[in-house]
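Encoded as structure tokens, the structure appears first; notes follow it.
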Amino acid sequence: MEVYIPIIYWKSCSEKEKREILFRPVVNDNSQIKEVVKEIITNVKNSGDKALYDYTKTFDKIRLESIQVSYGEIVDSDSFVNEEIQKSISVAKNNIKIFHEKQTHNVVNIEIQPGVFCRQIIRPIQSVGLYIPGGCAPLVSTVLMLAIPAKIVGCKNIILCSPPPITKEILYASKICGIHNIFQVGGAQAIAAMAFGTKTIPKVNKIFGPGNVYVTEAKLQINALLNDLSIDMLAGPSEILIIADFKANACIIASDFLSQMEHGIYSQAILVTPSYDLACNVIFEINIQLKNLSRKKVINKSLKYSRIIVTKTLLECFEISNLYAPEHLIIQCENSNRLLVYVINAGSIFLGRWSAVASGDYVTGTNHVLPTYGSAIVNSGLTVMDFQKIISVQKLDQQGLIDVSSSIISLSEVERMDAHTNSIKQRLIALQDVK
């Protein structure tokens, strides 16, 4: 059966229609999911490992002998991973490491005025938990994207959770990243275990990694419950927006369109172009390429959320993209570098004909953990800074204190903070004794 995607003329749409066109599919607006997750969190908090064994038996249909993967199994994992995959993992690891090592924050250390010194020091988050989803295929690349930045900044305790049975590829990727505390537990129960800690799984300070609606809901609830724990971001369905000019390659655009939609039934792909002919050619190519794909059933379901929009000008394409704030933005146009100036909101950008999203998903070195659901308006993709915290430091010498004291006293009196005022006056008195 041929796929039909209607071509939308942006100029002809009302403001209401435009909002509806760029609307994301609603995935987890479900009170039942919220209640199920709440119960799981409570049970794991109260019953610890027992709850994890029970949930693994119920949800994964596996009776575990041990929650923790043995060191020997991790070390021996390379015996079960073929040489080609090992080589590919090594290429990806090296590129990710190179890019993320360059993200180290500039140290601020300045004398604001004579005698007043300010600086920032950067410290790693001590304990982090990495969640790697299970499902139909091992997400080896996600292990690399999370583990490498954590190791670069020096997080002291790094643990990894993934639903059983954990594949040898995931164990191997963890091993070469130096991760040896691996636990075969998944879903909302894994998030709860890392948040509260159990006899086997240590409590962490921050949880990273994508997952299904139950994992996402668990991260949301846990983040609201605990002050000493945070999360990286709430991952929604994968999405792509492609801006293409008259000379763009329809075959390549169709392949990018389809590659995004195979992630899941709620994935969304949008093409925005001033060329009606290109739009028609892309639809034609989608039908040709779809026939040969193994996940065409998933793609056919996600097609209902996909859009092809024809604009009057190329600049209008960028206006639409900034409204949508895509996770992945492809600019398949001439002089794509020069067009970067028009991009305000995007998770990750792929410039030119040869830059497939798949390259960033795996090996270019940039991180593929990106803001979705429009959160690229205010959020960034994962960097080493997500595994660190910045602490401000200040030091005043005697003259520095004297010079700023009147301003501090004046401002603290305006705010009626007389104890603040007193803390300065006591130091001024102590200065008299020093002299």
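Every residue gets a Cβ built from N, Cα and C, even glycine.
The active site, proton acceptor annotation in Swiss-Prot covers Glu327 (among others), and the record cites sequence analysis as its basis. Non-local contacts of Glu327 (active site, proton acceptor) by the CB criterion (under 8 A, 6+ apart in sequence, same chain) comprise Ser238, Glu239, Ile240, Ala346, Gly347, Ser348, Leu370, Pro371, Thr372, Ala376.
The active site, proton acceptor annotation in Swiss-Prot covers His328 (among others). With a cut-off of 8 Å between CB atoms and residues at least 6 apart in sequence, the same chain places Ser238, Glu239, Ile240, Leu241, Gln260, Ala346, Gly347, Ser348, Phe350, Val357, Gly360, Leu370 near His328 (active site, proton acceptor), listed in sequence order. In the three-state DSSP scheme, His328 (active site, proton acceptor) falls into the strand class.
In three-state terms derived from DSSP, Gln189 (NAD(+) binding site) belongs to a helical segment. Per Swiss-Prot, NAD(+) binding site is recorded for Tyr131, Gln189, Asn212.
If you look up Swiss-Prot, you'll see Ser238, Gln260, His263, His328, Asp361, Glu415, His420 marked as substrate binding site. A coil conformation is recorded for Glu415 (substrate binding site) in the three-state DSSP classification, outside any helix or strand.
Look at Swiss-Prot and you will find Gln260, His263, Asp361, His420 tagged as Zn(2+) binding site, backed by sequence analysis. For His263 (substrate binding site), the count of additional Cβ atoms within 10 Å of its Cβ stands at 19 [all protein chains shown].
Distance between Cα atoms for His420 (substrate binding site) and Tyr131 (NAD(+) binding site): 45 Å, as a whole number. Compute the center of the Cβ atoms of Tyr131, Gln189, Asn212, which mark the site for NAD(+); besides them, the chain residues with Cβ within 8 Å of that center are Pro133, Cys161, Pro163, Gly186, Gly187, Ala188, Ala190, Ile191, Gly211, Tyr214, Val215, Ala218.
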